[in-house]
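Working notes, structure below.
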Amino acid sequence: MQCSIKQILSDATDKLNKIGISSPQLEARILLQHVINKPIEYLLINLDEQLNEAKIEAFEKLLARRLKHEPIVYITGVKEFYSREFIVNKHVLIPRSDTEVLVDVVFQCHSRESGNPEKKQPNPCFRGNDISENCNDKFLNILELGTGSGCIAISLLCELPNANVIATDISLDAIDIIKSNAAKYEVTDRIQIIHSNWFENIETQKFDFIVSNPPYIAHSEKSEMAIETINYEPSIALFAEKDGLQAYFLIAENAKQFLKPNGKIILEIGFKQEEAVTQIFLDHGYNIESVYKDLQGHSRVILFSPINLNRSYARRIGKSLSGVQKNLLDNKLPKYLFSKEKLVNEKRKVFLEIGFGMGEHFINQAKMNPNALFIGIEVYLNGVANVLKLAGEQNITNFLLFPNNLDLILNEIPSNSLDGIYILFPDPWIKNKQKKKRIFNKERLKLLQDKLKDNGNLVFASDIENYFYEAIELIQQNGNFEIINKNDYLKPHDNYVITKYHQKAIKANRTPKFMILRHVLGDH
């Protein structure tokens, strides 16, 4: 029995249409071209050609599979991704065009860091030579977690000849597929494929990029999904615990030890997950560098970088960090590390303390004002650890810490955003040639004034009399401030606690003085 191409396609289109296939005619053509191994164009110009019984029977078998809602790419065994055709089967997630945004972001980051920053947003249309020709020869190490078919890893290798990739997957069946795809595109010498549950079997080494399209669908969303996806794609690549967020928690908790100092994490997310995923990474001490949208305008890929704890500013006076202190800095500090993203949409009053020492005043202010947010700056890591200890003991959480130099944070704080600033007993830098190092100087006063809201308060305290009165003179000459307590500099501000430093000053016959300022309306 023979039948024409036209009749075969017509009958198949009708059957596919009846079960709700969105593009029945196209899918009928794809199945038939797969059987006869000819391009679709051949079918269209040879509609009257008669096919023999063997080919008709082969076509009917494939059509029967599609009529059961098996994805057409599993039937044909291939799927295009980033202008290349990848081998796929039921053991790997079907590559989606949305995931191409992730590949674009890697290329853009590499291009920017290589000295070609002209592309500000990933362009879904640029491919291949557009990137490799613009990038320098910097050697790249990339880790992909949960590689599946390998479409991400292999696309990166094909476009970046100076890259090596380690690709992991928990499924041995998936690993067979990525090996086939790596061989197909001749990149086996630059890819190491590891059977691993996330980071478990990865030797300690450092990567420029960690990338992943992890499972991110909540189990509660199954009822909303297509039959093709639910019944045929591997559930381990689709669904995750913790409302679909489990993988993001795991990556946030473990990735830092595998990143180079300027390394990046680039992750695909569900289109409703931007807020939840960014919060996970903020809580674990990462910067949110950029969020990228897919062609439908949904947030699809996020670029993260770790907030590196720069300990070079720490003053090791007396003794080095204890084991308890190191544990606090390593395990508790990331949650409370300052980043500008944490101030976005902040509705509470916000106060900044510069140089909080051992943190007695800082913690007391946070305790007495639980509905406000306190940001603390301190380069002395023993003091940072002590704040974390005191906060844990008193269940205080309304604070952020920046264990680094003041000048590195000022540009991160928005103008007109602070309700108050505390500068208590800063280093006076007595010698004339050192005075430019003072926290309270003309240049910084201008910056601090810009950050304060109108009517916001700035409190300055010092036990060095010359410094204190020089500060008053500085205010009178350069600041848009009103001195509230000009008749009584000995009286501290509200909720002040006498710190150990204050006590030492009194024992040394030095008198602590306080200047309480109100920022008056002026130009920012």
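Here the Cβ of each residue, glycine as well, is placed from N, Cα and C on the backbone.
Annotation source Swiss-Prot lists active site at D427. Per Swiss-Prot, S-adenosyl-L-methionine binding site is recorded for G146, T147, G148, S149, G150, D169, W198, N213, E353, E378, N405, D427. The annotation substrate binding site is assigned in Swiss-Prot to N213, P214, P215, Y216, K431, D463 on the grounds of similarity to another entry. Annotation source Swiss-Prot lists region 'RF MTase' at 1-308. For 1-306, the entry in Swiss-Prot reads region 'HemK'. Positions annotated as region 'tRNA (guanine-N(7)-)-methyltransferase' by Swiss-Prot: 307-524. As annotated by Swiss-Prot, region 'tRNA MTase' applies to 311-524.
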The residue listed as 'active site': tally of other CB atoms within 10 A of its CB:
14
Counting other CB atoms within 10 A of each CB, which of the binding-site residues E353, D463 comes out lowest?
D463
Listed binding-site residues (G150, P214, P215), ranked by Cβ neighbours within 10 Å, top entry:
G150
Would you mind reading off the Cα separation of N213 (substrate binding site) from D427 (active site), to the nearest angstrom?
49
Taking just the CA atoms, what is the gap between G150 (S-adenosyl-L-methionine binding site) and P214 (substrate binding site) in Å?
13
Could you measure between P214 (substrate binding site) and G146 (S-adenosyl-L-methionine binding site) for me? Cα positions, answer in whole angstrom.
6
Can you tell which of W198, Y216 has the least company, meaning the fewest other C-beta atoms within 10 angstroms of its C-beta, among these binding-site residues?
W198
Give the residue from the binding-site residues N213, N405 that has the most other Cβ atoms within 10 Å of its Cβ, counting over every protein chain displayed.
N213
A 10 Å Cβ contact count, applied to the binding-site residues G146, G148: which residue has the minimum?
G146
What Cα-Cα separation, expressed in whole Å, is found between W198 (S-adenosyl-L-methionine binding site) and P215 (substrate binding site)?
12
Mean per-residue pLDDT computed across the region 'HemK' (1-306):
92
Residue among recorded positions P215, D427, D463 with Cα closest to the Cα of E353 (S-adenosyl-L-methionine binding site):
D427
Specify the nearest of the recorded positions G146, G148, N405, D427 to Y216 (substrate binding site), where nearness means the distance between Cα atoms.
G146
Hey, how far is D463 (substrate binding site) from G146 (S-adenosyl-L-methionine binding site), Cα to Cα, in Å?
59
Rounded to an integer, what is the Cα-Cα distance in Å between the residue listed as 'active site' and N405 (S-adenosyl-L-methionine binding site)?
13
